[in-house]
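The heme c 1 binding site annotation in TrEMBL covers B:C55, B:C58, B:H59. Under the heading heme c 2 binding site, TrEMBL lists B:C202, B:C205, B:H206, B:M293. Residues annotated as domain 'Cytochrome c' in TrEMBL: B:33-162, B:188-318.
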Protein chains: 2
Amino acid sequence: MVLASGLGGAFPVLANSFPAKVPVPADNPMTPQKVALGKQLYFDPRLSLSGDFSCDTCHRVMGNGSDGLPLSFGVMGRVDVPRHTPTVYNAAFNTVQFWDGRAKSLEDQAKGPLMNPVEMGMPNAKAIVDRLEQIPGYRKEFGLVFGQKDSISLEHVVQAIATYERTLITPDSPYDRYMAGDKKAMNTAAVAGMHDLHTMGCAACHAGMMFDNPGTKMGTGFFQKFPLQAHNQECVAYVHKYDLDKDPGRFNVTKNPADEHDFKVPSLRNVALRAPYFHNGSVASLPTAVRIMAACQLGKSLSDKQVHDIVAFLGDLTGKFPKETMPRLPQTPGKAIMMQVAKLETASEALNNPK
Amino acid sequence: MVLASGLGGAFPVLANSFPAKVPVPADNPMTPQKVALGKQLYFDPRLSLSGDFSCDTCHRVMGNGSDGLPLSFGVMGRVDVPRHTPTVYNAAFNTVQFWDGRAKSLEDQAKGPLMNPVEMGMPNAKAIVDRLEQIPGYRKEFGLVFGQKDSISLEHVVQAIATYERTLITPDSPYDRYMAGDKKAMNTAAVAGMHDLHTMGCAACHAGMMFDNPGTKMGTGFFQKFPLQAHNQECVAYVHKYDLDKDPGRFNVTKNPADEHDFKVPSLRNVALRAPYFHNGSVASLPTAVRIMAACQLGKSLSDKQVHDIVAFLGDLTGKFPKETMPRLPQTPGKAIMMQVAKLETASEALNNPK
């Protein structure tokens, strides 16, 4: 089904449903055992400096895959997390990870928060491995998944976590059912909104099966400047109100002035559940976010009907979340707990006062 | 089966296996819908001031029901939580709750951390109700569980959480199988340790099906002074090393000098998984905890064999943990998120600078 039109016909075709398979890197094949280990690690607060902060603390699997806060708190109450937490759901389909695309894969992404002093705060890879080596259950499970000897490494930790994350996908939205032939799956407003999305130019960026890139390859990333139409009158007001021009975005990664204020285009899947919006989590409502996108990216002002229709369509991009069982986490022996606590103060001090 | 002996025959009989039913208060009957709602609330970080801290943050259902830390961190990095977090597993069988027994039921207990400034930090009951009222999914679910109109109240919140907690029980330990007739379920050392537990006097307090009280009624509580044999030479050294005499215990609740250093006797179920030990979480290893109990409560010094046998027995008190499915948490609309965040700074300031 080809819906592309408008904007000189230059933007790509809307792919027609949720991907049949999740992309899996050749060097990290999925196995049920690796998924199970990755799930344990994902929910394990011992992967943080304080021992009470897991991947799930910010990327809530039981919720929308983020924590619903504009900006998350970091380990031990840190309040300097700079950007809104993206959802883990469907992150497996992102061509790059983080708002500024600084990781090429889920594996690379997972290393970031683990060792970021304002997130999980582990000082280095060795500290992570040391922590897990203290837990006999993990020594055994890493051995079974990755080989029998010395299997606990940062690479294996992030491979397991990424493997679990590849199961966190949400197929079967009303839109997918509509595209599969069930014309009752979306109402008239949503269908009108879907057409608006294309005729107005949103799909220049929000294209493809995940509505986040026009055919970009995994690991490459699709970026866009935000705000792009910074001189549009309506946009100027939004930028001022929501503080939208403060973050240098991808420039921080490349140091190329052309990348200033460039961000990875986020997927529109489940966007109706993902308030608050944008890299700084500053915008509460989806209708406002849609108006901001139109003004600041397309230089267009939307009618109330257009906003209503587009929001109706975006609501129909909410998929079905997987039914998850809880992992059981292996036990830390008492002695190892006390060693961790003794190190905590030193490590915390070092992180807060880097040399 | 009667094992009582020693200590003048004055201490009670060991009951013979894990309770067949969990005690349920007449005014809070269990229903599957209430369990499901309680599970959502238990895992919901929006019940904390910061929105990132749930019951489960300290009482980890995926682990041993505590967080394995000597002392937990509170909301927003608070480091002044005064006592070690007790496990939620089998808490349904506790005759009273908290180390100092200040709550008579799971329902009463749940109110404590929610509104404790150093734990979840909600300023008052109204703030909790307001937060949940913003979430349409909860308005609907509370209505279905508790009645159709204005069903969100602090009482209903804690009733639902307590109802879920009554499902977090761990039957079928090797000891229970042994007592049910499977004489191979415990080895010789464990059987010897079981007899030691009785002949030496441990069971004066660690009695009953949960090994935490000699027949005390629900809501009454069974307390013991710790250290009880404070002048025993071996105990003096432990008290000094592990800082065991600083906490006034139940005195803080009753203001009765006779209750100074009194603590609720904890269950021995799953104790092998529950390091670190005691009200201040100061002792890493179970063998050391056993020696401290013998010296400080019974005035006795144990042989290495006695410690080995008792630890073997305690290991056989580890039951089977339930297989849990994850709840799905209902969505907060964006506007409500922003209201919460705007209130956060004010509330946080008020909590940290009480009038």
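Glycine is treated like the rest: Cβ placed from N, Cα and C.
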Which chain-mates of B:M293 (heme c 2 binding site) that are at least 6 residues away have a CB under 8 A from its CB, listed by sequence?
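Counting only residues 6 or more apart in sequence, the Cβ neighbours of B:M293 (heme c 2 binding site) under 8 Å are B:C202.
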Hey, for the heme c 1 site built from B:C55, B:C58, B:H59, who else sits with CB inside 8 A of the CB center?
B:Y42, B:S54, B:D56, B:T57, B:R60, B:S66, B:D67, B:T85, B:V88, B:P113
Taking the Cβ of B:C58 (heme c 1 binding site) as the centre, count every other Cβ atom within 10 Å, in any protein chain shown.
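B:C58 (heme c 1 binding site): 23 neighbouring Cβ atoms within 10 Å.
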Within the same chain, and leaving aside B:C202, B:C205, B:H206, B:M293, name every residue whose CB is within 8 angstroms of the centroid of the CB atoms belonging to the recorded heme c 2 site, in sequence order.
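These residues sit around the heme c 2 site: B:L197, B:G201, B:A203, B:A204, B:F211, B:V265, B:L268, B:Q297, B:L298.
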Counting across all protein chains present, how many other Cβ atoms fall within 10 Å of the Cβ of B:H206 (heme c 2 binding site)?
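Counting Cβ neighbours of B:H206 (heme c 2 binding site) within 10 Å gives 27.
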Quick check for the class: what is the C-alpha distance, in angstrom and rounded, between B:H59 (heme c 1 binding site) and B:C205 (heme c 2 binding site)?
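Here the two Cα atoms are 25 Å apart.
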Give the three-state DSSP assignment (helix, strand or coil) for B:C202 (heme c 2 binding site).
helix
Just to verify a number: CA distance, B:C55 (heme c 1 binding site) to B:H206 (heme c 2 binding site), in angstrom, no decimals.
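About 27 Å separate the Cα atoms of these two residues.
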Please list, in sequence order, the residues in the chain of B:C205 (heme c 2 binding site) that are at least six apart in sequence and whose C-beta is under 8 Å away from its C-beta.
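Looking at Cβ-Cβ distances below 8 Å from B:C205 (heme c 2 binding site), excluding near sequence neighbours, one finds B:D212, B:N213, B:P214, B:F222, B:Q224, B:V265, B:Q297.
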Please report the distance from the Cα of B:C58 (heme c 1 binding site) to the Cα of B:H206 (heme c 2 binding site), rounded to the nearest angstrom.
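Each residue's Cα considered, B:C58 (heme c 1 binding site) and B:H206 (heme c 2 binding site) end up 25 Å apart.
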Which whole-number mean pLDDT does the model give the domain 'Cytochrome c' (B:33-162)?
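Result for the domain 'Cytochrome c' (B:33-162): average pLDDT 95.
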